[in-house]
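Participant: So Swiss-Prot lists these for the protein:
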- 286-296: compositional bias 'Pro residues' (COMPBIAS)
- 326-335: compositional bias 'Polar residues' (COMPBIAS)
- 260-304: region 'Disordered' (REGION)
- 324-360: region 'Disordered' (REGION)
- 36-56: transmembrane segment (TRANSMEM)
- 59-79: transmembrane segment (TRANSMEM)
- 93-113: transmembrane segment (TRANSMEM)
- 116-136: transmembrane segment (TRANSMEM)
- 145-165: transmembrane segment (TRANSMEM)
- 177-197: transmembrane segment (TRANSMEM)
- 218-238: transmembrane segment (TRANSMEM)
Amino acid sequence: MPGTVATLRFQLLPPEPDDAFWGAPCEQPLERRYQALPALVCIMCCLFGVVYCFFGYRCFKAVLFLTGLLFGSVVIFLLCYRERVLETQLSAGASAGIALGIGLLCGLVAMLVRSVGLFLVGLLLGLLLAAAALLGSAPYYQPGSVWGPLGLLLGGGLLCALLTLRWPRPLTTLATAVTGAALIATAADYFAELLLLGRYVVERLRAAPVPPLCWRSWALLALWPLLSLMGVLVQWRVTAEGDSHTEVVISRQRRRVQLMRIRQQEDRKEKRRKKRPPRAPLRGPRAPPRPGPPDPAYRRRPVPIKRFNGDVLSPSYIQSFRDRQTGSSLSSFMASPTDADYEYGSRGPLTACSGPPVRV
């Protein structure tokens with residue numbers, strides 16, 4: 001019976017790491033033997049970490065896509081590589097291909113569905129903060145089972161995810177800064193200690209006894225909060241100032257709501273118009289409107305009549321005509337010189353005074 005219990009304990013619990021697992025002591029220099037693929041992955045992590053840390057909120061869609069890709073790829077890779085799929089143990093390459101395909105799908109969903117992307121960003125923030133708490137409490141607290149670190153990870157992740165959905169702008173800025181700083185610290189850990197700090201985190205999550213950290217590991221661990229604080233300040237004051245993806249989403253939603261209301265009003269008017277019976281005409285056909293009085297024409301000034309010499313009877317002629325009627329021809333000859341200034345026609349009489357006067 002004790003042998004059976006010891007066998008089960010050996011199968012369930014991880015083996016205790018030896019000195020070769022943790023490398024050389026702090027006083028001795030490490031043997032750095034880099035490989036091409038891990039080094040390339042760490043360089044890519046460093047580049048993505050810079051984008052996350054200092055341009056996270058400005059590259060909002062890209063951050064959502066990369067977060068979904070990271071979650072989907074890691075989870076599917078662990079499931080495919082550790083477990084048997086269709087009663088077949090997949091190789092690392094096949095597991096990586098499947099994980100990459102499903103990770104791309106998860107990234108697209110996180111980018112297109114904003115709430116899913118924000119939930120994953122907040123969940124990642126909570127997981128990183130829980131891991132940092134486990135690392136910081138290593139000299140003072142040793143978990144007795146794996147349920148303690150697991151509960152801390154799940155509780156912190158769900159809490160930060162819900163807070164990110166409630167306050168997306170500040171929590172997204174904080175999450176991107178912390179994630180970017182963690183990626184940069186991981187890349188630096190590979191080139192400095194061959195991921196010794198990463199293995200330390202894994203053993204803490206498994207509740208396994210670990211030796212105390214070296215000063216190099218503590219220096220890399222202190223780099224994480226410093227870069228996080230710097231990333232938050234840079235995004236708050238420089239890169240993310242003036243940008244608001246929340247207002248863009250709200251304006252789009254308001255525009256859609258306004259369009260829906262307009263369409264509903266048009267549909268209601270159309271239904272009312274169709275339901276309303278046609279009215280009979282109360283009067284006969286209307287006569288065409290009578291044309292109004294024409295506009296008064298422009299009254300022109302009459303053309304002045306031109307007068308010529310001889311058109312007007314001279315006063316001398318009128319006087320001579322009167323003298324003939326009265327028979328005093330002598331007065332007519334005497335008055336003719338005095339009336340010469342008022343003549344407009346000929347100065348002499350129109351007809352000669354020959355013969356006896358004619359009575360008219």
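Placed from the backbone N, Cα and C atoms, the Cβ positions cover glycine too.
Any idea what these are sitting next to in the structure?
Facilitator: Note on the transmembrane segment (116-136): residues 63-65, 67-68, 70-71, 109-110, 149, 152-153, 155-165, 168, 171-172, 174-176, 178-179, 182, 200-201, 204-205, 221, 224-225 of its chain, located 6 or more positions outside it, place their CB under 8 angstroms from a CB of the stretch.
Taking Cβ pairs closer than 8 Å, the transmembrane segment (145-165) reaches residues 115, 118-127, 129-131, 133-134, 171-172, 175, 204-207 in its own chain, all 6 or more past its ends.
Through the fold, the transmembrane segment (177-197) approaches residues 22-23, 30, 32-34, 38-39, 42-43, 45-46, 48-54, 56, 67, 124-125, 128-129, 213-214, 216-217, 220-221, 223-232, 235 of its own chain, all at least 6 residues removed from its boundaries and within a Cβ separation under 8 Å.
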